[in-house]
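Peer 1: One structure is given below, represented as structure tokens, and several questions about it will come after.
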Amino acid sequence: VFPTTNQSSVTEFILLGFSFSPKTTPLFFSAFLTTYLLIILGNGLIIILISLDSHLHTPMYFFIVTLSMLDLAYTTTTMPQMLAHLASQKKTISFASCVAQMYIFLVLGITESWLFAIMSIDRYVAICHPLRYKVIMSPWLCRVMVLFCGLWGVVSALVYTVFAMRLPYCGPNKIDHFFCEVPAILKLACADTSVNDQVDFILGFSVILVPLSLILVIYINILIAILRIRSAQGRLKAFSTCASHITVVTMFCVPAMFMYMRPGSEASPEEDKKLALFYNVISAFLNPIIYSLRNKDVKRAFRNVMGWGRAPE
């Protein structure tokens, strides 16, 4: 499917990464390394706590575990390599590795985008049909929904990658980015990329705009349902669970939409790197804090696992 290296004069790419001065590079390396370790710690802790505590074996927490797994894989696709390039003079990546990184990153990102839509459906059923929640959101349905997200990610990412890699790359080979992302790669193609811009825009509808539109429609219905709740405490509780999800979706989807749905000619390399850093690193870092670590159930699970004030059964 992809062109082999003998079909192109480019056998490897150079990732320029961030243009830090030699004096500040160690500082940024330490900051990125600390952030990556905290992403592993935060998301890993969520996965362990929810797996160990039977009280958290509910559809909502099943989706949160899936989100944490995606975030871990998503950042691991890019950050270790970025850290290695910051720490050494060698900043090359082979053609095949670049294609693999691009594809895996897209699979995980698109899967996560659709997972947010699935999570909004879960919140809608929990708030609007609480008595039938466990019946409707059965374990089987939850697994099918996650499988759908994954398959959509696999297929959509394949289309993105095939259309990007079918172009000839005959030099230059310097990617002004910290990883192999489609918009940055397309700038190096020795051919017209207008078809790719159109494909990316159309695909952007199915992987970003459609999930976002679905989330918007669902939350309008949720808001109407919340306003009908008579107790102020009930309204506040319902809104707080939704507020976390809305925050996470905004942090991830809005920067991704700017990156993938605008023409390549309008893109600024420095702006692209900041956007990618936001939806690849910062959202994965903040998700456990926003979505789970401030949650009372998760805090109770943490105390129970640590043996601190275990609640009597």
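Backbone N, Cα and C define each Cβ position, glycine as well.
Heads up, TrEMBL stuff is auto-annotated, nobody curated it.
What TrEMBL shows for this protein is this:
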type     : residues : note
TRANSMEM : 27-49    : transmembrane segment
DOMAIN   : 42-291   : domain 'G-protein coupled receptors family 1 profile'
TRANSMEM : 61-80    : transmembrane segment
TRANSMEM : 100-119  : transmembrane segment
TRANSMEM : 140-163  : transmembrane segment
TRANSMEM : 201-226  : transmembrane segment
TRANSMEM : 238-261  : transmembrane segment
TRANSMEM : 276-293  : transmembrane segment
Peer 1: Under 8 Å, at least three CB pairs between the transmembrane segment (140-163) and the transmembrane segment (61-80) (pairs 6 or more apart)?
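Peer 2: With 3 or more qualifying Cβ pairs, these stretches touch.
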Peer 1: Within the same chain, where does the transmembrane segment (27-49) have neighbours whose Cβ lies under 8 angstroms from its own Cβ atoms, ignoring anything closer than 6 residues to its ends? I mean 6 or more beyond.
Peer 2: 18, 20, 56, 64-65, 68-69, 71-72, 75, 79-80, 82-83, 86-87, 281, 284-285, 287-289, 292-293, 298, 301-302, 305
Peer 1: Using Cβ distances below 8 Å and needing 3 or more such pairs, separated by at least 6 in sequence, tell me whether the transmembrane segment (238-261) contacts the transmembrane segment (100-119).
Peer 2: yes
Peer 1: Counting only CB pairs under 8 A, let me know which of 61-80, 100-119, 276-293 has the most with the transmembrane segment (201-226).
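Peer 2: By the under-8 Å Cβ criterion, the transmembrane segment (201-226) pairs most with 100-119.
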Peer 1: Given a Cβ distance threshold of under 8 angstroms, which distant residues of the chain, six or more beyond its ends, lie next to the transmembrane segment (276-293)?
Peer 2: 32, 35-36, 38-39, 42-43, 45-46, 64, 67-68, 71-72, 74-75, 78-79, 105, 109, 177-179, 181, 244-245, 247-248, 251-253, 255-256, 259, 299
Peer 1: By Cβ distance under 8 Å, which residues at least 6 away from the ends of the transmembrane segment (61-80) in the same chain are close to it?
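Peer 2: For the transmembrane segment (61-80), the sequence-distant neighbours (Cβ-Cβ under 8 Å, at least 6 residues beyond its ends) are 32, 36, 39-40, 43-44, 46-47, 50-51, 101, 104-105, 108-109, 111-112, 115, 118-119, 122, 139, 142, 146, 178-179, 280-281, 283-284, 287-288, 291-292, 297.
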Peer 1: Pop the mean pLDDT for the domain 'G-protein coupled receptors family 1 profile' (42-291) in here, whole number is fine.
Peer 2: 87
